[in-house]
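*Asks:* One structure coming up, written as structure tokens, with questions to follow.
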Amino acid sequence: MRIGQYQLRNRLIAAPMAGITDRPFRTLCYEMGAGLTVSEMMSSNPQVWESDKSRLRMVHIDEPGIRTVQIAGSDPKEMADAARINVESGAQIIDINMGCPAKKVNRKLAGSALLQYPDVVKSILTEVVNAVDVPVTLKIRTGWAPEHRNCEEIAQLAEDCGIQALTIHGRTRACLFNGEAEYDSIRAVKQKVSIPVIANGDITDPLKARAVLDYTGADALMIGRAAQGRPWIFREIQHYLDTGELLPPLPLAEVKRLLCAHVRELHDFYGPAKGYRIARKHVSWYLQEHAPNDQFRRTFNAIEDASEQLEALEAYFENFA
């Protein structure tokens, strides 16, 4: 699959997730088989660009793979400026967020709230596409509410504005993450436009990935929550798509290696004073199937020292040896 001038190595994309797809996680997903990874959502508000949080979220030239940054906002000029700044910092693809259902984002008329206003959508897409010389992509939901699904209209508008690829999450904004994703809307969009269409939502295992590709005709898949604590899902899915065979479960020793390496990277990236806090949620996700009684996770979350976290993980896995 191609996005503009860039050829992806496969059809699996790690979704942008606020507070999750930081540089350590993106790098790990890429190493585990993702063909593309997308940064956390970056605000287009220039007042926050110099904050520590924004600087950490920006991509850098030495990151592996095709460097892709997602931006969010409602002002066309600010969005264009944000795109330019991120390209200057190393972004090779700009993705526009019109899919986030969070209230704090929607209250600012950003994210999926924009789907209610196609004229504003058109203005934003036009400004951003004209502002940069790299491919611009768009992520949306199927609409604002089940009774207001307008993804076909938005998709056609996006193609007309020069968007190079479109990701669709198979829920409306009103659905949040409740219920099941539906793929009829994604299938309809794929039949309507000629730009690449990427299916997103509830793609949790290799069999589901194959089924969604076959049903929708999508060019690629974007995987988000299913990769939390399981970044090797990209390798599992790609192997199944290539061979029709399922890989055996990842050995516990490999889970330990990946988890401990991930935690060390978080400590290094954020610094010991903040890294241990960020690591807590990732450790919880990794250990969901190994620590069902939550006792270790409760103990781990009380640790306030980076080195003690690693010692606790070593001791935890020794109990399974």
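Heads up, the Cβ atoms here are built off N, Cα and C, so glycines get one too.
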*Asks:* Looking at Swiss-Prot, which one out of Gln70, Gln92, Gln288, Gln295 binds FMN in the same site as Pro16, Met17, Ala18, Lys139, Asn200, Gly201, Asp202, Gly224, Arg225?
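*Replies:* Site partner of Pro16, Met17, Ala18, Lys139, Asn200, Gly201, Asp202, Gly224, Arg225 for FMN, according to Swiss-Prot: Gln70.
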*Asks:* Rounded to a whole number, what is the top Cα to Cα distance in Å among the residues the record ties to FMN, namely Pro16, Met17, Ala18, Gln70, Lys139, Asn200, Gly201, Asp202, Gly224, Arg225?
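*Replies:* The FMN-binding residues span at most 21 Å between Cα atoms.
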*Asks:* If you skip the near sequence neighbours and keep only those at least six away, which residues in the chain come within under 8 angstroms of Ala18 (FMN binding site), Cβ to Cβ?
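*Replies:* Looking at Cβ-Cβ distances below 8 Å from Ala18 (FMN binding site), excluding near sequence neighbours, one finds Glu40, Met41, Cys100, Ala102.
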*Asks:* Identify, among the binding-site residues Pro16, Gly201, Gly224, the residue whose Cβ has the fewest other Cβ atoms within 10 Å in this structure.
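*Replies:* Counting other Cβ atoms within 10 Å of each of the binding-site residues Pro16, Gly201, Gly224 gives the minimum at Gly224.
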*Asks:* Who sits close to Lys139 (FMN binding site): which same-chain residues at least 6 apart have their Cβ under 8 Å from its Cβ?
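*Replies:* Sequence-distant Cβ neighbours: Pro16, Gln70, Asp95, Ile96, Asn97, Met98, Gly99, Leu166, Thr167, Ile168, His169, Asn200, Met222.
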